[in-house]
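First the structure, in the form of structure tokens, and then the observations on it.
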Amino acid sequence: MNESVLGLLYLGVLLLVVKLFEDVFERIRMPPLVGAIIGGIILGKSVLNFVQANTVALFVELGVIMMLFLAGAEEFDIEAIADLRRNKRLLLATFLNWGFGTLLMLFVFSFFIPISLPSLLLFCSILSMSSVAPLARVLKDLGITKSYFVINIFAYALLVEVAGLIGSAVFLQLAIGGSFGALKVINAVFPITLFLIALYSVRKELPKVIIAVEKFIKSREVVLAIIVSFILILGYLGDSVGFNAGVVALFLGYFFSRYLERRPHILERLRGLTYGFFEPMFFGGLGLSVNLVSVRSAPLLAVVIVLTVIVVKISLGYIGGAVLRSEKPFYQAVGSSLKGGVDGALLLSALLLGVISSKLYTMALITILILTTTFAPTLKGLKKITKEKGNRSKTFMFYAPT
């Protein structure tokens, strides 16, 4: 049978199974993304070998891009996050969480994982970074995304993710080259820096372009198409210089947040497209490339990776919360430890480029599942805190603005 026709079957079955598992896990009060990934594992080469990962690779990438765009557009108080950008304590906590975490994992894993230093640095950087996609989903379900304390948690996790993305982008370029060198580092960092400066400089102009188009074109579908085209084109430009398209989409969501707030009909269509199709494709696609057989051949390594990541992420996240003088540093630790968004996409990219093995990919994804499954439910305590202190109480703002 024609491969493109089979692709339709694979997409349909994957979507059906993943949404079914999402619903089951939601009913038992577990993160739906875990169910989606498990659904992908069952359909992938580890169990049924029914759906091949390469047939849905594009939809996996589109999934994380659209998820993060909506997270930036509708879930968080942009002014409050902007108020925190000059917070030196926040920057210090970010370095401790991602930078020191990467070095600690590198030290431990160097005794167990015999791969090149750039590849190992990339692996550790991805595992040390946070992921705001599952965090945004959990906080959205709890209905507490406007609380200052929650905004602080999200801002902390976001900076850890962005730091990890920039570092991982550099390490990925070095890993592809296979060696270190001052010139290679400059060649990796310089275009990313230029792109971020350019993106920030046009942040106010992009919504104005859409508003200008609306004056001449009344069709809502055309406006929606232009927004999606901006997301994809700028995501491509970001990826072309080594910066992840998903985080580009997150920034674009911030830029378009006020525009979409005044046009709920467009936002609703984006939600339906993303949460009904692209999101399950992303999480299910991550599970397709899992190879459980490789884990059974090295159980000690799997245990070392899981325990190291959990201990490093939670402990450094807690220390970061203490640096921020949070009254509840445990929640900063949990929020910055959730994984399963852009980090999963980076792992998949590293696997497809041959930078990491199927064994390491599988062990890393299992670690992500364990972290998210174990700690995401503890965030329910935030709902009680925000009710007791008031949804927008400044009691939980960082103690010092410097």
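Just so it is clear, glycine is given a Cβ too, placed from its N, Cα and C backbone atoms.
Listed features, source TrEMBL:
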type     : residues : note
DOMAIN   : 13-380   : domain 'Cation/H+ exchanger transmembrane'
TRANSMEM : 6-21     : transmembrane segment
TRANSMEM : 33-51    : transmembrane segment
TRANSMEM : 57-78    : transmembrane segment
TRANSMEM : 90-113   : transmembrane segment
TRANSMEM : 119-136  : transmembrane segment
TRANSMEM : 148-176  : transmembrane segment
TRANSMEM : 182-202  : transmembrane segment
TRANSMEM : 243-260  : transmembrane segment
TRANSMEM : 272-294  : transmembrane segment
TRANSMEM : 300-324  : transmembrane segment
TRANSMEM : 336-356  : transmembrane segment
TRANSMEM : 362-382  : transmembrane segment
Interface check, the transmembrane segment (336-356) with the transmembrane segment (57-78), three or more C-beta pairs under 8 A: yes
Sequence-remote partners of the transmembrane segment (182-202) [C-beta within less than 8 Å, at least six residues beyond its ends]: 166, 169-170, 173-174, 234, 237-238, 241-243, 248, 251
The transmembrane segment (57-78) and the transmembrane segment (272-294) contact flag, 3+ Cβ pairs under 8 angstroms: yes
For the transmembrane segment (272-294), distant same-chain residues with Cβ under 8 A (at least six beyond the ends): 11, 14-15, 17-19, 22, 33, 36-47, 51-53, 56-57, 59-67, 69-70, 340, 344-345, 347-348, 351, 357-359, 361-362, 365-366
Residue numbers, six or more beyond the limits of the transmembrane segment (148-176), whose CB comes under 8 Å of its CB atoms: 76-77, 80-81, 84, 90-91, 93-95, 97-99, 102, 116, 118-119, 121-122, 125-126, 128-132, 135-136, 139, 184-185, 187-189, 192, 242-244, 247, 250, 320-321, 324, 326, 328, 331-332, 335-336, 338, 341-343, 346, 349-350, 353, 355, 382, 385-386, 389, 392-398
Within-chain partners of the transmembrane segment (33-51) [C-beta distance under 8 Å, separation at least 6 from its ends]: 10, 13-14, 17-26, 134, 137, 279-280, 283-293, 340, 365, 369, 372-373
